[in-house]
Amino acid sequence: MTVKELTSFSEFQATINSGKAVLIDFYADWCGPCKSISPYFHQHSDTNASTEGIEFYKVDVDKLPDVAQECKIRAMPTFQLYKNGERVADMLGAKPTELTALVQNGLALA
């Protein structure tokens, strides 16, 4: 599975309420740490492409400030894991090891 970019608040709502485990990367184009962790996020998406359990999305906080506000994003990158519309875990910062643990958490929810 590839990482999909969310483009509206309604698309965000539909995605987190899909019943699937959803991992979202909240980022900004000007954010250096966001750029450094992005390849790891894409790698996890590619590695888990054969599983139906977790989906990977990105939200540009500058393009979707309403989503960023709803999710209480204060710094980037922030990763949030959702299942059935509820946030079940999150992570702040560009930390590959913690991102791997968050992905594993998402796979366990599937």
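The backbone N, Cα and C atoms fix where each Cβ goes, glycine too.
The record in TrEMBL pairs Cys31 in a disulfide bond with Cys34, which is drawn from Cys34, Cys71.
Around Gly32 (site 'Contributes to redox potential value'), a 10 Å sphere centred on its CB holds 9 further CB atoms from the protein chains shown. The Cβ of Cys31 (active site, nucleophile) lies under 8 Å from the Cβ of Met76, Pro77, each of these being in the same chain and 6 or more residues away along the sequence. Every protein chain considered, the tally of other Cβ atoms within 10 Å of the Cβ of Cys34 (disulfide bond) stands at 21. Using DSSP to sort the residues of the domain 'Thioredoxin' (1-108) gives these counts of helix, strand and coil: 43 helix, 29 strand, 36 coil. Cβ neighbour counts within 10 Å, taken over all protein chains shown, single out Asp25 as the most crowded of the recorded sites Asp25, Pro33.
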